[in-house]
Amino acid sequence: MRISQFEGKAVALWGWGREGRGAYRALRAQLPTQSLTMFCNAEEVRELESLADAALHVETDASAQALGRFEIVVKSPGISPYRAEALAAAAQGTQFIGGTALWFAEHAQPDGSVPGAICVTGTKGKSTTTALLAHLLRVAGHRTALVGNIGQPLLEVLAPQPPPAYWAIELSSYQTGDVGRSGARPELAVVLNLFPEHLDWHGDEARYVRDKLSLVTEGRPRIVLLNAADPLLASLQLPDSEVLWFNHPEGWHLRGDVVYRGEQAIFDSADVPLPGVHNRRNLCAVLAALEALGLDAEALAPAALSFRPLPNRLQVLGSVDGISYVNDSISTTPYASLAALACFAQRRVALLVGGHDRGLDWHDFARHMAQQAPLEIVTMAANGPRIHALLAPLADAGRFGLHAANDLEHAMQLARDALGGQGGVVLLSPGAPSFGAYSDYVARGRHFAQLAGFDPAAISAIPGLGVH
């Protein structure tokens, strides 16, 4: 559905975050006088009233009855369509649509294709992979948009001039279903990996997997690039797409630090500013994507050396009094924390874990700690006590030191004390969202930097967003 089809209909927007702001501006650009209703939080009402938009009505009660008054509701990604009020309104005939679906519908050719649209998703590594893809496309001389979940909503760049040759689009599991629902087909979709996440939004693991994979099962991209080492992905059957693989001995893969294409050694990635084996494997995904687009991936590979790492993703802030501080605030699953730990396997590490509790299972994390653990673990925040109880038997057996903190500031003090003035690494890789204590993972990362003695404002910008 295109925005022009909203004309004359009862339309509301739900959510006044960055995605909601982008949706409002996109609708107003095409429908300047149409009546719209915005459902927002009470503290956002004043900001909306300051827009002085006489055709905009503001409400704070997004009940099933209120939502059911509208033919179309443009929903922000963070609002789950599985909420009771959304399901009830949908049963009454209300159509819910996301900004991602609108963008794809606006860009679709008559045959449904969206040339140059490259969608990247996965539980871990999708932001860095998308940014690296955009970086190498630009090095190759192509005007490229770096957009989506990475921090630039698609509807904020609906019709840039001149248009980019490629769109490097990061999609979260909140957005992947929008692509299929739009009726459009991306040129290429990359799926990096799948681990349980966002279960509070999706409801259960099976639905998370289904929603995540709807990008390729319902979106029917022209080309799909999958991680051959991920069992869930390896079993997919996608008859409507050309399926390619990375992390496979016959394609682009990693041996030690060396990137191979089949049996041919291409590039030593040891000096690429991508901490962790998982990130260098995702470099293989980027090179495979470039090749799938018809570009010379082998020639472009060395340009990865000039890539600027993203903030809050295994970001080394620096050292104070012999202790290095690493900000991995983006880590919102136990698997992400394990990947972060693997980057510092030979170091004295104090790991800070815990955050908003959305019911993820930490037993695999505990099993890994029984085999290879950091020197110290500090638990904190809402799910900290649950993690602490799970790890306590291992700590009692002498596998590592275990400490319980009230908040991040307390956790950092406990970590510094536990390292005992002998140097080491304080690693913030919470394995959980920041909700409750912070507005988002960026705010958590900034607070960590501030508490460590660094300028929080200097580490927060994602380079290269938008069209360049």
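Keep in mind that glycine also has a Cβ here, set from the backbone N, Cα and C atoms.
Keep in mind the model is a prediction, meaning the values are calculated, not measured.
When Cβ atoms from all protein chains are considered, those within 10 Å of GLY122 (ATP binding site) total 25, not counting its own. Classification of GLY122 (ATP binding site) by DSSP places it in coil, neither helical nor stranded. Annotation comment: Swiss-Prot describes GLY122, THR123, LYS124, GLY125, LYS126, SER127, THR128 as ATP binding site.
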Inset, instruction - Have a look around LYS124 (ATP binding site) and count the other CB atoms within 10 A of its CB, chains all included. - result: 26
Inset, instruction - State the three-class DSSP label for THR128 (ATP binding site), counting H, G and I as helix, E and B as strand, and everything else as coil. - result: helix
Inset, instruction - Starting from each candidate's C-beta and looking 10 angstroms out, tell me which of the binding-site residues THR123, SER127, THR128 has the most other C-beta atoms. - result: THR128
